[in-house]
């Protein structure tokens with residue numbers, strides 16, 4: 001019979017399993033032409049994303065005045081191509097988003113309406 005110390009072998013097996021799982025951990029990467037958020041923007045998870053005409057049916061009439069004022073201040077009145085994001089919440093590191101992930105420049109009404117957004121896809 002062969003008697004030998006199995007502790008080093010068990011250690012190497014456990015170490016290789018841990019290294020395999022660490023290497024297989026998914027990373028959050030921007031894809032689809034988007035980029036990660038710039039320092040002046042914030043990462044949000046939003047229910048409705050689009051131009052003013054696309055998201056206007058989802059805007060509460062009481063919030064509409066603030067949205068238009070923010071758009072006018074952002075681009076001098078030419079806001080047809082600016083992307084808006086509605087009903088947004090912040091995303092923490094390791095968090096998930098079941099709606100559209102965006103990076104937004106301006107936040108109006110504490111995240112309810114976001115102006116100057118860029119949609120990104122997170123892997």
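Glycine residues also receive a Cβ, built from the backbone N, Cα and C atoms like all the rest.
Residues or ranges marked as signal peptide in Swiss-Prot (evidence: sequence analysis): 1-24.
The annotation disulfide bond is assigned in Swiss-Prot to 37-103 (among others).
The disulfide bond annotation in Swiss-Prot covers 45-97 (among others) and rests on similarity to another entry. Around the Cβ of residue 45 (disulfide bond), 20 further Cβ atoms fall within 10 Å across all displayed protein chains. Annotation note: residue 45 (disulfide bond) sits in a strand segment as assigned by DSSP.
Taken from Swiss-Prot, the feature disulfide bond covers 46-88 (among others). According to DSSP, residue 88 (disulfide bond) is assigned to a strand segment.
Residues near residue 104 (disulfide bond) in space but far in sequence (CB under 8 A, at least 6 apart, same chain), listed by position: 41, 42, 44, 85, 88, 114, 115, 116, 117, 118. Under DSSP, residue 104 (disulfide bond) is assigned to a strand (E or B) in the three-state scheme. According to Swiss-Prot, the feature disulfide bond maps to 104-117 (among others).
Considering only the disulfide-bonded residues 45, 46, 97, the residue whose Cα is spatially closest to the Cα of residue 37 (disulfide bond) is 45. Secondary structure at residue 37 (disulfide bond), as computed by DSSP, is coil.
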